[in-house]
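Peer 1: Attaching a single structure in C-alpha cells format; questions to follow.
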Amino acid sequence: MWKTLGRVEQLLPYASLILRNREVLFREPKRGIDEYLENDSFFQMIPVKYREIVLPKLRRDTNKMTAALKNKVAVAIDELTVPLMWMIHFAVGYPYRYPELQLLAFAGPQRNVYVDDTTRRIQLYTDYNKNGSSEPRLKTLDGLTSDYVFYFVTVLRQMQICALGNSYDAFNHDPWMDVVGFEDPDQVTNRDISRIVLYSYMFLNTAKGCLVEYATFRQYMRELPKNAPQKLNFREMRQGLIALGRHCVGSRFETDLYESATSELMANHSVQTGRNIYGVDSFSLTSVSGTTATLLQERASERWIQWLGLESDYHCSFSSTRNAEDVVAGEAASSDHHQKISRVTRKRPREPKSTNDILVAGRKLFGSSFEFRDLHQLRLCHEIYMADTPSVAVQAPPGYGKTELFHLPLIALASKGDVKYVSFLFVPYTVLLANCMIRLSRCGCLNVAPVRNFIEEGCDGVTDLYVGIYDDLASTNFTDRIAAWENIVECTFRTNNVKLGYLIVDEFHNFETEVYRQSQFGGITNLDFDAFEKAIFLSGTAPEAVADAALQRIGLTGLAKKSMDINELKRSEDLSRGLSSYPTRMFNLIKEKSEVPLGHVHKIWKKVESQPEEALKLLLALFEIEPESKAIVVASTTNEVEELACSWRKYFRVVWIHGKLGAAEKVSRTKEFVTDGSMRVLIGTKLVTEGIDIKQLMMVIMLDNRLNIIELIQGVGRLRDGGLCYLLSRKNSWAARNRKGELPPIKEGCITEQVREFYGLESKKGKKGQHVGCCGSRTDLSADTVELIERMDRLAEKQATASMSIIALPSSFQESNSSDRCRKYCSSDEDSDTCIHGSANASTNATTNSSTNATTTASTNVRTSATTTASINVRTSAITTESTNSSTNATTTASTNVRTSATTTASINVRTSATTTESTNSNTSATTTESTDSNTSATTTESTDSNTSATTTASTNSSTNATTTASTNSSTNATTTESTNASAKEDANKDGNAEDNRFHPVTDINKESYKRKGSQMVLLERKKLKAQFPNTSENMNVLQFLGFRSDEIKHLFLYGIDVYFCPEGVFTQYGLCKGCQKMFELCVCWAGQKVSYRRMAWEALAVERMLRNDEEYKEYLEDIEPYHGDPVGYLKYFSVKRGEIYSQIQRNYAWYLAITRRRETISVLDSTRGKQGSQVFRMSGRQIKELYYKVWSNLRESKTEVLQYFLNWDEKKCREEWEAKDDTVFVEALEKVGVFQRLRSMTSAGLQGPQYVKLQFSRHHRQLRSRYELSLGMHLRDQLALGVTPSKVPHWTAFLSMLIGLFYNKTFRQKLEYLLEQISEVWLLPHWLDLANVEVLAADNTRVPLYMLMVAVHKELDSDDVPDGRFDIILLCRDSSREVGE
C-alpha cells in the first residue's frame, strides 16, 4: 500500500526536518482557548513552506486513488492508533485513566497536546477527574514517542483526511464534543462534525464514527505477553505503574518532599492523607508558583524516562543551519526530494525483549512440541532474560535442565538483529568442556567456539558463545581482553553494537570446595565483571553457605543477606559501582520444590572383598541385559584408572580419563565416549562426574572410598532418567578420613538422609518416607529402573545357580551368542502358524498329537533338540536301552534353557526305526544309534512349509540311511555325525553333492565360524530390540510405548487393528517369521514375547493414520516404502518420533478424550454454524428420534442395502441382507452384490487390506455390540413413548453397516464436522464407532445418541433436502457409485 502511495515522508527524516528545526517555532500558551480558531493546532504552526514539502504528492494524486485504496489507507491508519495509545501510556509513566487517553486532542477547545519549544518533546495537559475539580497535570513524552505522535498528527492524520474526502460524515454530535464556531449548533451536519473531529482528536475509529473504544484498547492486555501465566487488567496495570513511580524512580524522594508529592499528584492521588509520610497537611500544584509546578512535573517525567531508559539510545543532531529555501531548492533539483532531507544520526534503538522470545528459542532447539519442565524453569528463564538483576545464582538438582536456563536466553539474544551479544561460559574441567560444546552447538542455534580462540585472536564478530574452563577464566590474557573490550570492538567493527552478554559459570561451588585448586582461581578477582550485562552462576550442589563463600572468593559481594525486592536494589548506592558490588540473588529450586534430589536413582551401598571384581561382574550383567547401555566407573587414583582400563579392555570397549592427560586428549576422549555408541564404560577420577550428559547411561559405580557428599551427588546426578548407582567399599575398610580443608567423606548409613542434611531439608529419620531410592526402597523409582533392578537380580540368581565364576562370564557371554544356543520363541499370538529355526545340531519341535517312535514334546514357545551329541554345559536326559525285539519310545519334555537329547540304543539283531509324521510347519529331528549288523532307517514325512533334519550316528560297520520326503516349500537338512571308525552316507540326493543339496542358502552348516558370527549378530540385534521394546513380554500396545496413561489408552485403544489393516504388501510377506518378517535364520524374536514386532508395527501404522487425512496417509505409505517388508526397521523409524507423535495425538485428540473419557456434554445449541445451517440442530430430541425410526422403517420396507445407502444415498435393493440370520450370511450377501468392492474403489477403505471392512462384522467390536444389543429394549420403550408404531430396531450388523457407511461418506463427514463444532476429524473406524455412541443434547435439552443426530443430518443431505451448493456433489457421488457398481 505504501509503495502505491508513492514517496511518503518517513518518520525520522521528518522529525529532523520539522520538529528539530529551530526555524519552526512552537511558542504558545499551554492551554486551549475558549473560542475555536482554525490555527489552534501545532500542525497549523508549521510554516507553509514546510507543509508544502510534507504532503504535496498525496494531495495532488488524491483523485487518482481508487476508492478501495482510499479505504485501505483510512483503515490502516485507524489500526495504528491503539499501539500509539499504549506507547503514550507507558512513556508518561504516571498512569492515565482511559478517558484521559481517549480524549487527547491536538486542536480545538479541548486541546491538550502541545510541543515544548525548548526540548521539542510532546507535552500533555489533562484534567480528567471523577468530580472534575482537579487542576491539569503536565506529562512529558520521551523523544522517540514524541516523534511518533508528531508524525501521526502532521502526516498520517492528514493522509487519512485526504483519503476520507470531503463527503465523509460518519460522526454524529455526541456530548463529549465541544462543537464551536457555528451560530446554530442544531444546523450542524454530520459532515461538519466529522471534519471537526478529524482535525481535533487523535484516537479515532473512522469506520465506526467514534473514539477508540475501551474494548479495542484492552485487547492488547488480553493477548500480550503471549506466554504470561496471568495477565493484568487496566486497573491493576495502573496500580503497578504507580508503585513503580513511587518506589523505583529517583533516589531523592526522602530529601525532597515536593518531588515525592508531585509524583503522587501526577498519578491522580491526593496527598492530603499523606501527612505522616510527607510531613505536610495538604499539597497541590496550585500551592506553588506556576513555573515551579511546571518544573516539578517536568522533572518527574524526566526521572521516569531516565529510569526506564527510554532515551538511552536516542541521540539526534538538530538541523538548525538549514532553512526552508535550502530544502525547497533541493526539492526542485531532484524528484526524489526525500533523499535531500537531513537524516537523523542516532544509534539504533535496542530491539525490545519479550517473554515470547524464550518460547520461540525453545521451539528452535527442541521442536514445535517444546514445553518447559515446570513453572520454576519457566520463571528462571524469564528472570535471566528479562529482569534487570545483574547477578543470579541458581541451585537445581542434577539432571534438572540447568543448561537450558541460559541456553534459551542465549538463543533469544542471538535472534536480536540490532545488537550482537557475545557471551562466555566456563566449566570446571576439560572433560565437561567437550560435552558442553556438543550440546550447545546442536541445531545450529548458536555459534559456539572455544574461549582459547577469543584469548588468542580476539572477538571474531560471528561467535555467540565462547566456552572455556576455570583456568581460562583466571588467565591474565582473558581479563585483559575484557578490560579492553570497548576499544577493541570500536576499532575492529567500527560500531558499538557488539556488546558483552552473559558471563556464565557452571558448577561454581568448586571455587569453594576445590581446595587444592584455589590458588589457580586467584586471577578471577581481577576480572571486570561490570563489563558484562549479567552474571549467571549455576550448580547442583551449592547451598547458601557454599554459594556465598564461592562468590566472595572470586571477588563478588556474595549472596543477598536478606530478601531484597527490586525497589531496594535499584535505590542501593552500591549499584552505581557495578555488578561486582551488587549482591547476587539466589534461586534455590531444591528448597522451593522440597523434594530430595536423586530420588529417581536406585542407590546401593555394598561391602565386597574385591571392588574391581564386583564392578566387572555388575558391568557384564548390565551389558547382557542392556547391550546398548553405558556406564561410568569412578576410581580413587589415576593408577587405578589405568589398571582397570587395561584389565577390562578384553570384555568391552572402555575410555579412561584422569587429570594427568593433556587438555586436548581429555576433550577427544570425552567426545568419543559421548558420540560413539560402541563405547561402553568411561573410567576416571571424580572429574568424570560433573556436568556430563550421556543419554544411554544406566549405571554409575564408585570405587573411591573417600567421596564427599558433593562428589556423590554429582556422580549419581549423571543418571538423568534413572538407573543404578553402586558404592563399593572393601569390607571393614570404609575410611572416614578427611582430606585437609575439604568436606568430610560420606558416612555409612542412609544416603538420602545425608543428602537432606546437606541441602538443609527437613529430616525424616525414623519417619515414613525416609528412604528415597536407597536402602532397598523402590517406591519413588520409575518403572524402567525397577524393571532393570529385577532383571539384574534374576540374572544374578541364574549365575549363582550355574556356579559361574566372574572369570568365566565373558566366554559364556560370547558363547551365548553362538548358533548352538537354544531357540525358544518363534511364533506370535496373532498367527496360528509356527516359525521354524534350524540350528547346527538338528533340533526338534513337535506339535501335540504327533505319532513318533522317538518322540520329543516341548512346551509352548520352547525349542527342543533330540540328538546324540551334547555340547558343553548342556544336560542330556531321556536315554532308553531296549532288549531284543523290543519297541522303543524316547519321550522328553525340556524346560527353559535346557538342551535335550533323546537317544535309543538297540542290541544285536534288533531293528530300530524312528519314524515321525509332523503337522504343519513343524521341525523334526530323528536320531538313531545302532550296533553291529543292525539296519537303521530314519524316515520323516512332512507337510507344507516344514523343516526336517535327520541325524544319524553309526558305529563300526554300521549302515545308515537317512531319507526325507518333503512336500511343497519344505526345507530339508540331512546331517551325519560320525564316531570313531564309522562311515556314513547321505542319500538325500544320490547324484548331488552337499553344496547343491542345501535348501537354505543362508546357513552353511559346514562353515562353523560363519554360522557362529551370524548367530552372534542376530543375538545382539535381538538384545537391542528387547532393550528398546522391553514391554512386549506383556499384553502391551503401541500407545503404552508412546507413554499414554491407562485411562487414555482405554478410549484411544486401537482394537480391530490386525494384519488386514495394512495395505497389501505392507508387513504381509509370506514364508518368513510371522513375528518379525525376517528369514528364520535371522529371526530377532525372543523367548516369552507375547506381542510381536509385526503387531507393534501394525499399531504404529494405525497411530500414523490417526494423525493424517486420506491424501496425507497415502503419501505417508509411499514415504515408508523401504519398510514395507521390514516391520522391525519401521518400528525403529517410528520410535525416533516418539515424543513428537505423543504430543501431536494429545493436541489433535484432546476434544475426543474430553468427550469419550471425561464425558463432556455435546449440546447442539453450542454450535452456531449448526443452528444457522441445519434444521436438525433446531429439532427436539423427540423429533430426531422419530426421524431416525422413520428412516429405518423405510429402509426395512424397501429392503435397501444399508451400507451403500449411507455411503452415497444409493437405494439399491438387497433382500438377502435383511433376511440373513447370522453375520456370515450377512457378509456373504454384501459380498455378492459387490458392496465391499465398491467401497474399496470409491473411498479410503482402499488404503487398508481387502478383508479389513469385511472382518469388522466378525470379531472386532464385541464390547460395542454388547452395549448396543442391551439398548434395544430402550429403543422399544422410546418408540412406545413417542406414540409411533413400534418397528424393529436394526439388528447389530445393519447398525454397524450404517456407521461404516457414514464413516466412509466424505460429503456427510465434512458436513457433520462443519455443523457440530465440538467434534473434529477422526480417521480410524474404531474411534468413529465410539464417537457415534456418545450422547448429545438436542435443542430441547433432551439426550439422544449421536448416531441418531448423524442419521438426521444424513437424511437432510438427501437429494430432496440438500442445501444450496451441495446437490451437485451428491449427484456426482451417486453417479460415480452407480458406474462402479454397474
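Cβ coordinates are placed from backbone N, Cα and C, and glycine is handled just like the others.
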Peer 1: Swiss-Prot tags one of 115-139, 840-864 as region 'Disordered' - which one?
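Peer 2: In Swiss-Prot, the region 'Disordered' feature sits at 840-864.
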Peer 1: Where does THR403 (ATP binding site) sit in the DSSP three-state scheme?
Peer 2: helix
Peer 1: So which other residues, same chain and not among ALA396, PRO397, PRO398, GLY399, TYR400, GLY401, LYS402, THR403, have a Cβ within 8 Å of the centroid of the Cβ atoms at the ATP site?
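Peer 2: Here the nearby residues are GLY540, GLY717.
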Peer 1: What is the number of residues in the domain 'Helicase C-terminal' (617-766) that are helix, strand and coil, as DSSP sees it?
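Peer 2: Output for the domain 'Helicase C-terminal' (617-766) reads 54 helix, 29 strand, 67 coil.
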Peer 1: Inside 10 Å of the Cβ of PRO398 (ATP binding site), count up the other Cβ atoms and send me the figure.
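Peer 2: PRO398 (ATP binding site) is surrounded by 22 other Cβ atoms within 10 Å.
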Peer 1: Enter the number of other CB atoms within 10 angstroms of the CB of GLY399 (ATP binding site).
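Peer 2: Taking every protein chain into account, the count is 19.
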Peer 1: If H, G and I count as helix, E and B as strand, and all else as coil, what does DSSP give for PRO397 (ATP binding site)?
Peer 2: coil
Peer 1: Inside 10 Å of the Cβ of PRO397 (ATP binding site), count up the other Cβ atoms and send me the figure.
Peer 2: 22
